[in-house]
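I have placed the structure first, in the form of structure tokens, so that the comments after it can refer back to it.
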Amino acid sequence: MAPYTLPPATPRPQLNYNRAHKTTRAVVERGIGQLKRRFHVLHGEVRLRPEKVSKLIIACAILHNICKVRQIAEPLEDGDEDEDGDNDEDGGMLTEQVLRMGMVFDPPGYPE
């Protein structure tokens, strides 16, 4: 649903709806940004059937939540440096930490 276009004398419920819409959209966009930083497969076009894409996104969200619980740092933005001053492509050991936890995601039929 889209926000209301606000004429000068806008009813209060429409203002409340627009405020809630704006807040919710900001939260959703931050979450999508976090997933895209952690899982680069989500950056561009994903060439899978919609059913598989939805499973991929759910798997990424689950792994992201596990990483947050275990306090695994989010990957760095391009050009940023991590604590030891280098710029690891995996964003500061994320891949190593996930593998050490035994979390390998390789479903049958998943493209390599």
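Cβ from N, Cα, C; glycine included.
For reference, TrEMBL has these:
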- 1-11: compositional bias 'Pro residues' (COMPBIAS)
- 1-21: region 'Disordered' (REGION)
- 14-65: domain 'DDE Tnp4' (DOMAIN)
- 76-91: compositional bias 'Acidic residues' (COMPBIAS)
- 76-96: region 'Disordered' (REGION)
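Residue counts for the domain 'DDE Tnp4' (14-65) by DSSP state, with H, G and I taken as helix and E and B as strand, are 44 helix, 0 strand, 8 coil. For the compositional bias 'Pro residues' (1-11), DSSP puts the residue distribution at 0 helix, 0 strand, 11 coil. Per-residue confidence over the domain 'DDE Tnp4' (14-65) averages out at a pLDDT of 90.
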